[in-house]
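Below are the features listed in Swiss-Prot for this protein:
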type    : residues         : note
BINDING : C58, C61, H62    : heme 1 binding site
BINDING : C141, C144, H145 : heme 2 binding site
BINDING : C167, C170, H171 : heme 3 binding site
BINDING : C223, C226, H227 : heme 4 binding site
BINDING : C264, C267, H268 : heme 5 binding site
REGION  : 277-297          : region 'Disordered'
SIGNAL  : 1-24             : signal peptide
Amino acid sequence: MRAINKFLITVCIALLASVAVALGDGEETGEAEEFKVIDHSKVWEEKGITKYEGSKTCIQCHEDKVRQFFHSYHYQLFSENEGINGKTMIFGGKMAFNDYCMAMFVNNGTKVVNWIGYITLKKAPEGYEDLVGSFTGLTGCSMCHGVGMGLPPSPQESEEQLGNIDCLACHAKPDVYVSGVLGIKLGLKNVTKDDQGRWRYVINVPTEELAKSIINRPQSKNCLACHAFSGGGPHLKRPNIAPDLLNPELAAEFDVHFKAGLGCTDCHSGENHEFGTNSVDTWSREGEGAEVQQLPH
């Protein structure tokens, strides 16, 4: 019996090793390259698109996908949750208050607290910028939350709201453009004021580069540009999802999933723009998370 068990264990290890080799190294963090680049240069030229302005640009061809994402947790910041004190209720980050970022909205998600603007640290601590994931400029909660172009999300559809989504936060090759904290720090996404005096985001990447870099599904660096800084900085809210994961070598040492060649969307697939999760530290309950066994590896 021991001989049989040893044989089975050896076979399993060999199979796992072969799977890891087959997955190969991805572009950024060791994940498999299972995405496709869809060059939009020709279609943007045909439609006279000379500037990427979020979903205002994309809705011309992808209205159904824009509406899908508009109603998602990533944009609205709330979803229907079951099992809260035995009840089903609408809740999410839009209504919440915590010790990290305090509150984005008050009055049950109806009044904005600090959505967008621009502040800098007058006197940053010595060596501050050398810390992984640190930065001296802040643009408010919208820097990560809402995946938008600057306007606070509204549950009511309107032309302005449907044009307020930053589609390329997830659908651009991350070596060309990322959103979130990382995008702000790298100067890829800046704040300005529109003709009504409202703060808005503008993308500081040449349009022709963006058009050639559109991908069909997010890569892990797209996700980490926001999620690695949850709570306002590195290792604050979720020590297991940190800027270290942006470095392929550190990621392999830090996380078993990245080491095995997995990426975020291998489990959180984003089908219909719903990124399933059952984590106890998030309110998002849209879609189904990947089924995880007791010994999944």
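Including glycine, each Cβ sits where the backbone N, Cα and C put it.
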Which of these binding-site residues has the least crowded Cβ, counting other Cβ atoms within 10 Å: C141, C170, C267?
C267
Based on Cα distances to C144 (heme 2 binding site), point out the closest of the binding-site residues C167, H171, C223, C226.
C226
If we check Cα distances from C223 (heme 4 binding site), which of the binding-site residues H62, C141, C167, C264 wins as closest?
C264
Starting from the Cβ centroid of C141, C144, H145, the recorded heme 2 site, name every other residue in that chain with its Cβ within 8 Å, sequence order please.
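Not counting the recorded site residues, we get G93, C101, M104, G140, S142, M143, G146, C226.
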Please report the distance from the Cα of C226 (heme 4 binding site) to the Cα of H62 (heme 1 binding site), rounded to the nearest angstrom.
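That comes out at 24 Å between the alpha carbons.
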Look at each of the binding-site residues, C58, C61, C144, C226, C264, and point out the one with the fewest other Cβ atoms around it within 10 Å.
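With the binding-site residues C58, C61, C144, C226, C264, fewest surrounding Cβ atoms within 10 Å: C61.
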Give the distance between the Cα atoms of H268 (heme 5 binding site) and C170 (heme 3 binding site), rounded to the nearest whole Å.
13
Report, in whole Å, the straight Cα-to-Cα distance of C58 (heme 1 binding site) from C141 (heme 2 binding site).
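Approximately 24 Å lies between the Cα of C141 (heme 2 binding site) and that of C58 (heme 1 binding site).
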Could you list the residues of the same chain, at least six apart in sequence, whose Cβ is under 8 A from the Cβ of H227 (heme 4 binding site)?
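Listed in sequence order: C144, G180, R238, I241.
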Given the binding-site residues C167, H171, C264, C267, state which is nearest to C61 (heme 1 binding site) when distance is taken between Cα atoms.
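Result for C61 (heme 1 binding site): the nearest of the binding-site residues is C167.
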Rounded to a whole angstrom, what is the C-alpha distance between C264 (heme 5 binding site) and H145 (heme 2 binding site)?
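With distance taken Cα to Cα, H145 (heme 2 binding site) is 18 Å from C264 (heme 5 binding site).
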